[in-house]
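Notes for the one structure printed next.
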Amino acid sequence: MEPIEQQLTELRTTLRHHEYLYHVMDAPEIPDAEYDRLMRELRELEAQRPDLITPDSPTQRVGAAPLTAFNQIRHEVPMLSLDNVFDEESFLAFNKRVQDRLKSTENVIWCCELKLDGLAVSILYENGVLVSAATRGDGTTGEDITSNVRTIRAIPLKLHGDNIPARLEVRGEVFLPQAGFEKINEDARRTGGKVFANPRNAAAGSLRQLDPRITAKRPLTFFCYGVGILEGGELPDTHLGRLLQFKAWGLPVSDRVTLCDSPQAVLDFYRNVEKDRPTLGFDIDGVVIKVNSLALQEQLGFVARAPRWAVAFKFPAQEQMTFVRDVEFQVGRTGAITPVARLEPVQVAGVLVSNATLHNADEIEQLGLRIGDKVVIRRAGDVIPQVVNVVLSERPEETRPIVFPTHCPVCGSDVERVEGEAVTRCTGGLICGAQRKESLKHFVSRRAMDVDGMGDKIIDQLVEREYVHTPADLFRLTAGKLTGLDRMGPKSAQNVVNALEKAKATTFARFLYALGIREVGEATAAGLAAYFGTLEALQTATIDELQKVPDVGIVVATHVFNFFAEESNRDVIGQLLAEGVHWPAPVVINVQEIDSPFAGKTVVLTGSLSQMSRDDAKARLAALGAKVAGSVSKKTDLVIAGEAAGSKLAKAQELGITVIDEAEMIRLLGA
């Protein structure tokens, strides 16, 4: 694997993790600014190597998957997100792209609004009556929050006025005013309840309560900003006109909406809002800029995950200066050693900040950072800030260098840094308590073995008390042993035991992902499972054979080969199987016996499909003997191009690979 491929893999893994924490768990770990930085870095790398763009890349999707505690609602019209710009130059470039696509030299009329920092929701009215509401979820499927939305007084249960459409789906943001947020936290501190980090987390946590009575006690509000379904009625042909119509029907709309007839007017609006931001009474993180004309919006269309006619112009993350008092080193699941700066506590955006991640040794070297330095930290509404730069002009005399450990700070094992990698790793494996904790947390996670109720704090205690050393030990736990843990009663303990028993029935792909093999994410695990079919075949595969799996290169193949070559890993797998972990036997597909134009072909999907989901398409293609890959190469036999197909289509045309559209794919699927 080339260095850029490894960078892409690590970036995608990190972004997916933080998308899950942000969109699903409502517990983000990093500021929006840091997420945006990672996303920009990923986009830039993918622009350099478009042939390495994969369908599951965070740049190709909208959000994260919904929880299963709520019923699911499928969005008839996908809830897309917006692309971001961060400075005047980027906005002016966006403005020019719009004018170029419209083939116009005249100024576009923009409708400018506030970018609210809450939770995006969809609300469906039928004949003017509220019938359902859902979160964005992954943009295609969200959570049914109808009962909770009904408790928000700002949202009308019945629209009033004339010419209300038979079916109208409005979209907007549920948020918590700062006064309400402060009262919730004040009450929580007094009663010993949960204190929220910021209004956005409080709004999300309030809206996604399983008990609507709790939601009803929270002072949530709502602003409408768009439309999804529109049937049996009409709306004005401008965005501003639609907002005014929504307001006439009783839907709340922000009064901070302005038409701008030039890029300069947009910039003026942006600056004025930024200046007024502290006095608004609720959190925003930028402004949203939309082409006002619906006809021009239709002409501009969409890319895979966002409209071409709108952009979010984000505010710079808020910054403060403080001192680095010390640097500690944390060890992750794969042994990665991450330096963490311990800061002189400082208030940033209303939150007391005392820690900042420093990523790796290269980051420290690039910053020129020393312990004792005065630094600028940046934070954008969430928890972990970043160190932006060192204030060299105010460097104290008593600073000292940051020395990376030569031995693991947890287990004492040697550390290594592979040439070409930025990460320093502990070599201790499962003898390292830190790696053991993180490996076990990964093993039981929702996308892996999905052990309900087995949270991080339980894993921490199990490792610290030496009840559990390997994943197999989890399945030997009894309710009696679990009852001895903090905050774990007999009923909760039995629920965990039951969840562990249920988790034994899994899939081969989930099992592989749960093992935590380096570089093997969900997509790679699924590819390995589909290609080899059985654990025995995978365990005995050579590095060359592993590379025959779509999207598996030399680096991933080597990690997989080395994992199964390690006797201790094979022993743990044997114990897991002995404890009853199992999955359905593979359905053997003899490609020679399949009468399908896709049999034996390596196929790549690109662009948006309108007749079925991408996952459905992959499943149907695989059932007909195709190998579905994530990137175009000389090994690719066929590319299926949906709407807004981009770099993969261009690469296929460059290589002379056969390309068909979605309609032809559907015809051939039925052949």
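Glycine too: its Cβ is placed from the backbone N, Cα and C atoms.
For the NAD(+) site, Swiss-Prot records ASP32, ALA33, GLU34, TYR35, ASP36, SER81, LEU82, ARG136, GLU173, LYS290, LYS314, and the single candidate of GLU5, GLU106, GLU113 listed with them is GLU113.
Taking only the Cα positions, the spacing between LEU82 (NAD(+) binding site) and CYS432 (Zn(2+) binding site) is 42 angstrom. Here the domain 'BRCT' (593-671) returns a mean pLDDT of 80 for the predicted model. The Zn(2+) site, placed at the center of the C-beta atoms of CYS408, CYS411, CYS426, CYS432, has further neighbours from the same chain whose C-beta lies within 8 angstroms: VAL331, GLY335, HIS407, PRO409, VAL410, GLY412, SER413, VAL415, THR427, GLY428, ILE431, GLY433, ALA434, GLN435. With LYS290 (NAD(+) binding site) as the anchor, the candidate recorded positions are LYS115, CYS408, CYS426, and the one with the nearest CA is LYS115. The recorded positions shown are LYS115, CYS411, CYS426, CYS432; of these, the one with its CA atom nearest the CA of ASP32 (NAD(+) binding site) is LYS115. CYS426 (Zn(2+) binding site) counts 27 other C-beta atoms within 10 Å of its own C-beta, drawing on all protein chains shown. Each of the binding-site residues ASP32, GLU34, ASP36 was scored by the other Cβ atoms within 10 Å of its Cβ; the lowest score goes to ASP36. In this structure, the CA atom of ARG136 (NAD(+) binding site) is 39 Å away from the CA atom of CYS426 (Zn(2+) binding site).
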